[in-house]
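Going by TrEMBL, these are the annotated features:
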- 27-82: domain 'NADH:quinone oxidoreductase/Mrp antiporter transmembrane' (DOMAIN)
- 85-282: domain 'NADH:quinone oxidoreductase/Mrp antiporter transmembrane' (DOMAIN)
- 7-25: transmembrane segment (TRANSMEM)
- 60-81: transmembrane segment (TRANSMEM)
- 87-109: transmembrane segment (TRANSMEM)
- 145-164: transmembrane segment (TRANSMEM)
- 171-189: transmembrane segment (TRANSMEM)
- 195-214: transmembrane segment (TRANSMEM)
- 235-257: transmembrane segment (TRANSMEM)
- 269-298: transmembrane segment (TRANSMEM)
- 310-334: transmembrane segment (TRANSMEM)
């Protein structure tokens, strides 16, 4: 996404970051999973530090302290899991919640996000979720009540926290917290469900962060004042945001619709109500941005796209976000 990602050291650390994820999710013991998480942590810290400025160093330090605390609890819990299974599994579960930024252990997440560039933001929102969620899927059945509590808190904090945000990175951070509530619920439903949700979420995040990177937009004001991009570019960006918010018929809607069906079948109406209220509030602050940019600060329409690489990329991004029309049928066939 940026020139930093083209450095040889970035390629090396990206490879070790991926190796850490693979080691964590494929390990048959908690000690092996801990090693994978540590390799992943060190690699991501190295990637953040490549930029080498005050903000990246501060983010790296905060991220290191939080992740190290969680890793210490995981290592200690892994040592006593055979004798104190319930307490150890609860300790590992809470540590994984802390690592993935689940509320109420989310306090570090928006702060770290605010100091990252779009490349590192994308990694934190996508790749860094894979290992903790995979490990949490092994613990979900041991304490479903604790899972329910964190689902409720994450859905509430993610929806309310993003209402008054003007920073696009903090907005995506609180959106991620809200989506974590859906992913934790998907873990309780089935292994396939949370994998499909995570894949769809990563797809949406990749397109949104790419668009923000291309426009060099970090705050809501930059979407308003930036007059160098066509109306077509802004419409595709808004389409991506609405898809992330779960508005039909975009891609983000069909995965939530599949989960709604499963929750109705299993009669989990309380958690369904919480998730729906959270989704509506999340969709509200995305639509508020769109109305704010288009209606309050209208710009001169420039529907013609200039000849550039984006001429081919914009239609592709648009197609990715309207797959919700046929997406459910596709996944039903896979099942």
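Quick reminder: no glycine exception, Cβ is built from N, Cα and C everywhere.
Here the transmembrane segment (87-109) has Cβ contacts under 8 Å with residues 30, 37, 62-63, 66-67, 69-71, 73-74, 76-78, 80-81, 128-129, 132-133, 135-136, 139, 142-143, 146, 150, 153-154, 156-158, 173, 176-177, 180, 184 of the same chain, all six or more residues outside its ends. Highest Cβ contact count with the transmembrane segment (171-189) among the listed stretches 7-25, 195-214, 235-257 falls to 195-214 (criterion: pairs under 8 Å).
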